[in-house]
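Participant: Pasting in a structure now, in structure tokens, and then I'll have a few things to ask.
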């Protein structure tokens, strides 16, 4: 989130001429000429007072002329010294060189990223080929496993069949043995019958028939027994063949398993190696992409800084040109007792410039993931005003405050929140130290101011009454005051322009009570609070009286030291300017009485010169303060630079000022 606060202060100091005081002090002459002898002494005294007043006025003019002559000599000597533009130019040149180096580094990283992408593609293609080969091997292994399972099932089936056949063979053997025993028993019985029976022709013929039948049966039984033996031998041969086939299949399956196990282990090792290489390549690619993103962010930040430096140089160049060329003489309000220390002033200026140019770079580190807001608003008041002994100075102050708030939030991806900070090889990257540069410019400014500043003189307490008007502006727009010109500022946030005008108080006027102005709305919205008759609020100058704040009486050195302490403590600095409050705190609307008593800006600008004495000398002090806040997360690094505070004083007569106001309107 970037915040820029521009505080423009304008002061007017008016001085009455001594002739008015003398005319006011001059007594009226009596009308009667007969009293000439009595009033001659009074006339002589009045003439003596007038002569003394003219002599005193001549002395004051002579002192003022001497002070202006010393200021002119001081500015001529300052013109010979080297200004802060050289330091800024060198800083800009170094930043440009840094940008060129970063661009070369980015190109190198892009080439490395391209090579890494090409290597990743090659590894991916190899990995895909290996995956395809692995799939083919897996399919082949599955097919072989299926064939082995089928062979095992077929072997089991053959074993079962062989077992059944073995059972059948054993049953047939038992049956044939029983049949053989029965046949032998029959033969033995027949032989006994033949031996025991008497020979007879009938018995012999019958026995022969039975013997023939029995021999036939024995032959049939022997043929059956031979067939059973042949079947048994055939089954035994099949059994031996099946056992041999089973053994061969078991050996083939075992060798295939061993071979495929070795190949699968080898392929698994290759796949694991390729996976590790791919993971390493992905990590390298992720790191390269992270480096590229970091370089892109750093390049964008450096471009923004270069643009800001260009704008600062252009603005300060224009302001210094207008201050030193157009109206360089009445730049300081004090003209009494100007003392210049040339002995140590040059050394101090040289040392301040060396501090600016030799600002050491600081290490760029990632802060915590907590955005911090820091707003630095610095006010610098002039140390003293010109006080003449017989003259009574009436001060008329005009305060213009412009607060420009620019807020931008960056959203990143969720994965960038967990990314560790970038660690590069070699020494860490250095960035310009804007704080030291700003402190150096502040020191240079104080040295120059102390060199040409006149010593403080006791001031008589002056009564300060301010009147203020708020005008809210949004977008690319600006507010133009007839007496003060504000350049157009590209406003991405809300712009609040506060104009406070002082009126010259004469004797008998009553001091009004101070009131607080209405703060501008948030988020850059235009607060158009209209009256009952429909007139917008930005055309109604609201008169408010503001008491001088005690903080404004501090010197510029104390304020610079306070600002440095605030920058070191990194705490947001509260706004202490009179007539302005925190823009984030809403306030109840203004009463209708103040709105009814307001007048149009043109009428006010025309009526203001009539209040002060004619031919009054006016001084104008413009102070620009810019503070840029740092945004940081764990994945993005930015730079923090504080702005350069430059104060210029432009002196014009009231007639020239009125002409410039009419041109701006």
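Residue numbers in this text run from 1 along the chain shown.
The backbone N, Cα and C atoms fix where each Cβ goes, and this holds for glycine too.
Keep in mind that what you see is a predicted model, and the values were worked out from it rather than measured.
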Participant: Based on the annotations in Swiss-Prot, which residue of 343, 434, 527 is described as N-myristoyl glycine?
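Facilitator: Going through 343, 434, 527 one by one, Swiss-Prot flags 434 as N-myristoyl glycine.
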Participant: Note down the number of other Cβ atoms within 10 Å of the Cβ of residue 42 (N-acetylalanine), including every protein chain shown.
Facilitator: 13
Participant: With helix taken as DSSP H, G or I, strand as E or B and everything else coil, how many residues of the region 'Coil 1A' (41-75) land in each class?
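Facilitator: Tallying H, G and I as helix, E and B as strand, the rest coil: 35 helix, 0 strand, 0 coil.
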